[in-house]
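As given in Swiss-Prot:
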- 1-110: topological domain 'Cytoplasmic' (TOPO_DOM)
- 1-72: region 'Disordered' (REGION)
- 1-10: compositional bias 'Basic and acidic residues' (COMPBIAS)
- Ser33: phosphoserine (MOD_RES)
- Thr36: phosphothreonine (MOD_RES)
- 111-131: transmembrane segment (TRANSMEM)
- 132-148: topological domain 'Extracellular' (TOPO_DOM)
- 149-169: transmembrane segment (TRANSMEM)
- 170-182: topological domain 'Cytoplasmic' (TOPO_DOM)
- 183-203: transmembrane segment (TRANSMEM)
- 206-226: transmembrane segment (TRANSMEM)
- 227-237: topological domain 'Cytoplasmic' (TOPO_DOM)
- 238-258: transmembrane segment (TRANSMEM)
- 259-277: topological domain 'Extracellular' (TOPO_DOM)
- 278-298: transmembrane segment (TRANSMEM)
- 299-390: topological domain 'Cytoplasmic' (TOPO_DOM)
- 391-411: transmembrane segment (TRANSMEM)
- 412-535: topological domain 'Extracellular' (TOPO_DOM)
- Tyr423: phosphotyrosine (MOD_RES)
- Asn441: N-linked glycosylation site (CARBOHYD)
- Asn491: N-linked glycosylation site (CARBOHYD)
- Asn516: N-linked glycosylation site (CARBOHYD)
- 536-556: transmembrane segment (TRANSMEM)
- 557-565: topological domain 'Cytoplasmic' (TOPO_DOM)
- 566-586: transmembrane segment (TRANSMEM)
- 587-592: topological domain 'Extracellular' (TOPO_DOM)
- 593-613: transmembrane segment (TRANSMEM)
- 614-626: topological domain 'Cytoplasmic' (TOPO_DOM)
- 627-649: transmembrane segment (TRANSMEM)
- 650-653: topological domain 'Extracellular' (TOPO_DOM)
- 654-672: transmembrane segment (TRANSMEM)
- 673-683: topological domain 'Cytoplasmic' (TOPO_DOM)
Amino acid sequence: MDDYRYRDNYEGYAPNDGYYRGNEQNPEEDAQSDVTEGHDEEDEIYEGEYQGIPHPDDVKSKQTKMAPSRADGLRGQADLMAERMEDEEQLAHQYETIIDECGHGRFQWTLFFVLVLALMADGVEVFVVSFALPSAEKDMCLSSSKKGMLGLIVYLGMMAGAFILGGLADKLGRKKVLSMSLAINASFASLSSFVQGYGAFLFCRLISGIGIGGSLPIVFAYFSEFLSREKRGEHLSWLGIFWMTGGIYASAMAWSIIPHYGWGFSMGTNYHFHSWRVFVIVCALPATVSMVALKFMPESPRFLLEMGKHDEAWMILKQVHDTNMRAKGTPEKVFTVSHIKTPKQMDEFIEIQSSTGTWYQRWLVRFMTIFKQVWDNALYCVMGPYRMNTLILAVVWFTMALSYYGLTVWFPDMIRYFQDEEYKSKMKVFFGEHVHGATINFTMENQIHQHGKLVNDKFIKMYFKHVLFEDTFFDKCYFEDVTSTDTYFKNCTIESTTFYNTDLYKHKFIDCRFINSTFLEQKEGCHMDFEEDNDFLIYLVSFLGSLSVLPGNIISALLMDRIGRLKMIGGSMLISAVCCFFLFFGNSESAMIGWQCLFCGTSIAAWNALDVITVELYPTNQRATAFGILNGLCKLGAILGNTIFASFVGITKVVPILLAAASLVGGGLVALRLPETREQVLM
């Protein structure tokens, strides 16, 4: 078998002229253009002359002459790297000029609306599990630990997806990897609505999280490469609005769908498709629509130029120019660019010997090659010349996520705590009551019965909710068709009593004494108690929290290019830290909702500025990788914030408030050490 030579995403180049050499073995592909239309065969001129692209035959002859020089290795790796860096700097300035010529118009806005759906999918993913859990826990009989793992697994998936898919986007392309991310998210999110078991549901949400975790880094890197310097800060901030729109969408859909228990069906006794599963499918729609729409958008020309694909990049830039000019009513305006500088390509050859003949062995070599390149690229971001910027950004991303996600979980938990305290304050206590021969068929709620005596009483088709019988004597009583939530019998004596078709299981009797009592045909299903939360309030709190960021988003978008990224980050984080101290006065549900809206509204500007400066600080071949690393650290901060802040609910408000404020102040001050990128071209 002939040896197989693999070059990872790179093509040969001619060092003397800097043009991209496409796949020279297929000249017909290079020769397709509308420019040559109408020529006779004898007079036909190669289309590349109009674009500044050499004829493939000339390229072949030059490469044949140069082959010995490359084989001899006259220029070392360091020389090639130096030339490449010089080429990249020239390309950055030329590309900025080209984007200015292309203008900002219909093409960018079309791409904008495609990408906002991808960002919405990311925002939805944060909320979908928390909204579905109150209903899903009953179907799947989830304990507190299982519910906690379900919330954690989504963030772990998003963290892994940001690392892996962000790195792949710098090697395989923005569009390709973003499509892959959205496909993974949409397919596994939809699949999770159909699976019945907890393990399968957990796995689907993990893979769905991996898919959506890669979207955020790629979306910002992709869109930034179609924007000019004057438009970049503002329009990336407009893009950031739609992350929070995902929260609004999820809240509205949960409010509209989940309470409708009839929106479902059953197949036999083992398969149930309830309304919360419909909600999960609806939440996968933004990713699905974005994935389909993305098929009609081109790859980033800046990425293609980085890969040395000059002609493909030129055609896309011409498409951007022509689309915008037609929309402005000047279709006659000609795209004047004929030649774009492309960086020297650092070829990597992987030789596969004839013994490596099976498809999976070749696939494994390709996989290991790409993995090594992604890993090396990530190390370059962390340990190369950008290490100080990466370290500072890591601190800012982490502290921002720790405080923001920690508080956004703490707010609804505190609201539930206030609800529980108010509920307990209305508890009725009955002491020493004696009831004989009564038939009870109504709901008993929020009561404590102590040292009572119930003789020959019947409890028929009734519901116990938050009821405690303590040191109570039951004699010749009868319980039938009884359901209960958070109801217990403690230190009771139960004599000659029958329990028929009830959910009063063994664990609900604590240190009780049974004498000649029987349990007949107990209710089947889950033996756990589940709280009936005020779903309306939960959805309303999330809806208002997401809606409150809209003013902050608009202000940050309008001021991003005027005051700069650093002032926006530092100012927003410091103001948010001050807002944290107002939480000491949040002693009611309404006050806590109000302070939540204020905090979210002031902190969003820092998030937008972080997205913009992260995109601008790194070159094209590290942009998505660095963004993915930092976004992965953000999800780690979110996990720690959720865990730490939730543990202090009902214990103290001091620790969460001081921790959030200190994190925001520290991160805001550290951010001021970053370089300002407002006037910087995109490298």
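Glycine is no exception: its Cβ is also placed from the backbone N, Cα and C atoms.
Shown are the glycosylation sites Asn441, Asn491, Asn516; the one with the most C-beta atoms within 10 angstroms of its own C-beta is Asn491. Rounded to a whole value, the Cα-Cα separation of Tyr423 (phosphotyrosine) and Asn491 (N-linked glycosylation site) is 25 Å. Between the transmembrane segment (183-203) and the transmembrane segment (278-298), three or more CB pairs separated by 6 or more residues in sequence fall under 8 Å, so the two stretches touch. Of the recorded residues, Asn441 (N-linked glycosylation site) and Asn491 (N-linked glycosylation site) place their C-alpha atoms 24 Å from one another.
Counting only the Cα atoms, the space from Asn491 (N-linked glycosylation site) to Asn516 (N-linked glycosylation site) is about 17 angstrom. DSSP assigns Asn516 (N-linked glycosylation site) to coil in the three-state reduction, outside any helix or strand. Contact between the transmembrane segment (654-672) and the transmembrane segment (536-556) is absent: fewer than three CB pairs lie under 8 Å, with pairs separated by 6 or more positions in sequence. Contact between the transmembrane segment (278-298) and the transmembrane segment (593-613) does not hold: fewer than three of their C-beta pairs are under 8 Å, each pair 6 or more apart in sequence. Helix first, then strand, then coil: DSSP counts for the topological domain 'Cytoplasmic' (299-390) stand at 53 helix, 4 strand, 35 coil. By the Cβ criterion (distance under 8 Å, sequence gap of 6 or more), the transmembrane segment (149-169) is counted as touching the transmembrane segment (111-131), at least 3 such pairs being found. Remote same-chain residues near the topological domain 'Extracellular' (650-653) are listed as 414, 417, 583-584, 586 (criterion: CB distance under 8 Å, separation of at least six residues from the stretch ends).
Residue counts for the topological domain 'Extracellular' (587-592) by DSSP state, with H, G and I taken as helix and E and B as strand, are 4 helix, 0 strand, 2 coil. In the three-state DSSP scheme, Asn491 (N-linked glycosylation site) is classed as coil. Within its own chain, the transmembrane segment (627-649) is flanked in space by residues 151-152, 155-156, 158-160, 162-167, 169, 213-214, 216-217, 220-221, 378, 381-382, 390, 393-394, 397-407, 409-410, 413-414, 417, 614-615, 618, 655-656, 659-660, which lie at least six positions past its ends and keep a Cβ under 8 Å from the stretch.
A contact between the transmembrane segment (593-613) and the transmembrane segment (238-258) is present, since 3 or more of their C-beta pairs, 6 or more residues apart, lie under 8 Å. Beyond the ends of the topological domain 'Cytoplasmic' (227-237), by six or more residues, the same chain brings 96, 99-100, 104, 108, 112, 220, 553, 556-558, 560-561, 565, 608-609, 611-612, 615-616, 678-682 to within a C-beta distance below 8 angstroms of the stretch. Sequence-distant contacts of the transmembrane segment (238-258) (same chain, at least 6 residues past either end, Cβ-Cβ under 8 Å): 112, 115-117, 119-128, 131-132, 135, 216, 219-220, 223, 275-276, 278-279, 282-283, 286, 535-536, 539-540, 542-543, 545-547, 549-550, 553-554, 557, 604, 607-608, 611.
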